[in-house]
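Student: To start, I am sharing the structure in question, which I have written as C-alpha cells.
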Amino acid sequence: MTIESQLLEMLKQAAKDVSKNAYCRYSDFPVGAAVCGGSGKIYTGCNVENVSFGLTMCAERSAIFSAIAAGEKTIQAVVIFTPTESLTPPCGACRQVISEFGDDVQIVSFSNLNCSGPQSIQELLPSAFGTLNHSE
C-alpha cells in the first residue's frame, strides 16, 4: 500500500498545523501527527507533556486515540512532523500502538528539511508483540 500524493500532502499539512498546539514546556520539542483512518477521514494529535514524564502523550498516539474514539477500527497512514532539520520517527511505544490497528499502516516522518519515504509498520517494528503472542 502506498499513500496517494494528494492524501500525503493533506496529512503533512494537518500534522504541521497541529504541531503548533503541542504542550511541550519541558522539552520545547513540538510534534504533530495526522492519521488517516480506514474510512479515509483525517485525525490529528500533538504531544502533551507532563512534569511526571511517564504521563506524557506522544502526538502519534494522541491522533490514533482520536481516530478510535471517533469510531475508526483501522489506520491506513500516520504522518509525523517535527520542526527540526532531522527526522523524528515514532518511538517504540507509538510503533506498538500503530501495529495494533493494521499490519500495512504506512508511516511518514518529515521535518523542516527532510521527508522519509513511506515505511510500513512491519519495517519499523518487525516481530511486533500482537494478538498471536497471547492467543494460547
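Just so it is clear, glycine is given a Cβ too, placed from its N, Cα and C backbone atoms.
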Student: Looking at the Zn(2+) binding annotation from TrEMBL, with Cys91, Cys94 already listed, which candidate in Cys58, Cys115 is the matching residue?
Tutor: Cys58
Student: Any same-chain residues 6+ apart from Cys58 (Zn(2+) binding site) with CB under 8 Å of its CB? Would you list them in sequence order, or say none?
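Tutor: Correct list: Val31, Ala33, Asn47, Pro90, Cys91, Ala93, Cys94.
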Student: A 10 Å Cβ contact count, applied to the binding-site residues Cys91, Cys94: which residue has the minimum?
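Tutor: Among the binding-site residues Cys91, Cys94, the sparsest Cβ neighbourhood within 10 Å belongs to Cys91.
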